[in-house]
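Heads up: the structure comes next, in C-alpha cells.
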Amino acid sequence: MAKEEGPTVELRQRKKPKSSESQRSAKEEKINDTPIPERTPKHILFQRFAKLFIGCLAAVTSGMMYALYLSAYHERKFWFSNRQELEREITFKGDSAIYYSYYKDMLKAPSFERGVYELTHNNKTVSLKTINAVQQMSLYPELIASVLYQATGSNEVIEPVYFYIGIVFGLQGIYVTALFVTSWLMSGTWLAGILTVAWFIINRVDTTRIEYSIPLRENWALPYFACQVAALTGYLKNNLNTYSERFCYLLMSASTYTFMMMWEYSHYLLFLQAISLFLLDIISVEQSDKVHEVYKIYIFSLFLGYLLQFENPALLVSPLLSLVAALMLTKCLQLNVKKGTCVAKMMKVINFYLVCTLTVTLNVIMKMFVTHKENGHMLKFLEVKFGLNMTNGMSIKETVTLEDGRIGERPEIIYHVIHTILLGSLAMVIEGLKYIWTPYVCMLAAFGVCSPELWMTVFKWLRLRSIHPVLLALFLSMVVPTIIGLNLWKEFFPRLMTELTELQEFYDPDTVELMTWIKRQAPVAAVFAGSPQLMGAIKLCTGWMVTSLPLYNDDDLLKRNENIYQIYSKRSAEDIYKILTSYKANYLIIEDSICNEMGTMSGCRVKDLLDVANGHFVKKVTS
C-alpha cells in the first residue's frame, strides 16, 4: 500500500508545478498578444492641434463678432447713446418693459435681500393684487444681472441699461458659438460652423427675436439650450474618452438646469428633446445607457427647479416629468432579448406603447393631485403625431469609417434629425416659434454640405464606382462649402454693412410727452388703466401703479386685460365706469392706434373681436 501511495503523491506534486507553469505561460502569451498602442507621430499631433486651435478661434471670433454686430445695429436703429434715459426706456416694448423695470427696482433696493423680498411680495405694480414677480415672470436673469452689476463695480464704469443689454448680446454670441461647435462636432470640420453662423445671421429674422425685444426670456434662455445641445452632441458620440465624456456630462447638466430656470416654457422644449432621445433609444440600443443618464439630468433639474422656483406646480404637471418617469419605469421592465429577432422588434413596439400609455396616465394623475394653473394653454400645442419606420436590426459597429458610408448609424446624427423634425412640426403648429427651429435647420444644412461621411453615404446609395468615392467625398466636402461661403460673402456681406451704416429714426413724441406728464402732474398714489402694452411702459418709465400687465400666464391678469379692453367696445359708459372703479383706476388712457385701427381683414380688429364676444356684432345678411 505504501508503494502504491508513493507514485500517487509524486504524480500530484508534478501536476501542481505544471499548472502554475501553464498559467504563467498563458499570462505571458496574453501580454505578448496585447497590442501596444503606437505613438502618434509629431506631425499628426501638430495637425490635430492646429485644426483644433483654428476651429476654436473661429468659433469664439464668430460669437464675438455677432455680439458686436448686434450692439452696433441696436445703436444705429435707436440712436441709443444720443438719447435721454426716458427715450431709451421707451424702446422696451410690452412685457420687455416689465422685465427691465424690475431690474431697475433691484438696483434701487438698499440690499439684495430686500430687493428679492420686495419682488416676491410685490404690491406696487398691479392695483389690488400682490404677486410673486420672481416666480410669475421668471426674473432670475434680472436678479443675476443686478448682482453682477453691483458686485463687479460696473456702476462706476457703465450705465445700467448698457450693462443689461450687453449681457443679452453677449449671450447671443454664446448662442452662435454653441451652434458653431455643434455643427463642427457633427461634420468634423469647422467649415460647417462658419456656414452655420453665416446662415444664422442672414436669416436672423427667423432665427432670433433679439431685434424686436431684448429682455425676452427666450433671449436669455436659448443660448444655454444651444450649449446643452452641443454638449449632448458630444456626449452621444461613439468612442468618446472618459475625460471628454465627463466634461460633456457636466456641461449638459449645468446648461439644462440653467435653461430651465431662465424660461418658464423651457420644460416643453426639453419634452421634445426627450421624445427625440426616446426614439433614438429605440433605433440605437447601444446608446441606451447614455440616454438614460440624460433622463436623470432631467429629473434632477426638475426637482431642483421645483424647489428654487417657489415650488412651481407647473414643473410637477409638465409632460417632461411624466415622460421621463414613464421611460425610467419601462427601463426596469425591459427584458434582454437577442437583437434583430422578431421578438426584439415586438418588444420595441410594446415598449413604445407602454411609454406612451404611462406618460399620459402619470400626467393625468399628477394633475388630479397637484393644483396648477400655469402654462395649461401650452399643452394643446404639443398634440402632434409622429411616426418612425425601423429597419436594420443588426448591431452597430463600434468604429464606422469613412469608407463604410453609414452616417445614419451615428447616434448624435440620428438625434439631431429627429429633434429638428419635431421642432419643425412645432413651428408649423405655432408659426411664432419658428425662431427655435430655424437655427437647427441652418446647422443641419451646414453639416450636410461639409460632412464627407454624408457625401460618402450618398455615393454608396448611388453605387458610384467610376470615380474613387472617398476622394470625391473629401473633395466635395471642402469645395462645396467654400463656393457657398464665397457666394454668401459676395451677396449678403454688403447688405450687413449697409445696415450698420444707415441711421434709422426712432421718434415717439406722444409717448415721451405722456410719461413726462405722469411724472410731473399725476399723484403718487394714482392708478392708470389702458392697454397692457402701454401699462408696461408706464410701469418702467414712471413707476406708477397700473391695472394690468402684458403677461398671459395668470388667469386673473388675463381677465383684467379682457375687462380693461372693454373701453374700446360698445359697452355703456356705466359698465365701463364700474369696471374701472373695481380696479381702483384714477386715469384712463385711450390710444388712437386702437380706436382708428384699420384691419387688413374684416372682423379682426380689437374692437370687432370685443363686439363679437359681447354679442354686439350684427352680421349683415344678404339675400
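Using N, Cα and C of the backbone, Cβ positions are placed for all residues, glycine too.
Bear in mind that TrEMBL entries carry predicted annotations, made automatically and left uncurated.
Summarising the annotation, TrEMBL assigns compositional bias 'Basic and acidic residues' to 18-32. Per TrEMBL, region 'Disordered' is recorded for 1-37. According to TrEMBL, the feature transmembrane segment maps to 49-69, 161-181, 188-205, 265-282, 316-337, 349-370, 413-430, 437-455, 467-489.
Scored on C-beta pairs under 8 angstroms, the neighbour of the transmembrane segment (413-430) with the top count among 49-69, 161-181, 265-282, 349-370, 467-489 is 265-282. The stretches the transmembrane segment (467-489) and the transmembrane segment (161-181) do not meet in space: the count of Cβ pairs below 8 angstroms, excluding pairs fewer than 6 apart in sequence, stays at fewer than three. The transmembrane segment (437-455) is in contact with the transmembrane segment (188-205), judged by 3+ CB-CB distances under 8 Å for residue pairs 6 or more apart in sequence. The list of residues near the transmembrane segment (161-181) in space but at least 6 beyond its ends in sequence, with Cβ under 8 angstroms from a Cβ of it, reads 58-60, 62-64, 66-67, 70-71, 74, 85, 88-89, 100, 103, 145, 148-149, 154, 190, 193-194, 196-197, 200-201, 208, 210, 214-215, 219-220, 222-223, 226-227, 229-230, 439, 442-443.
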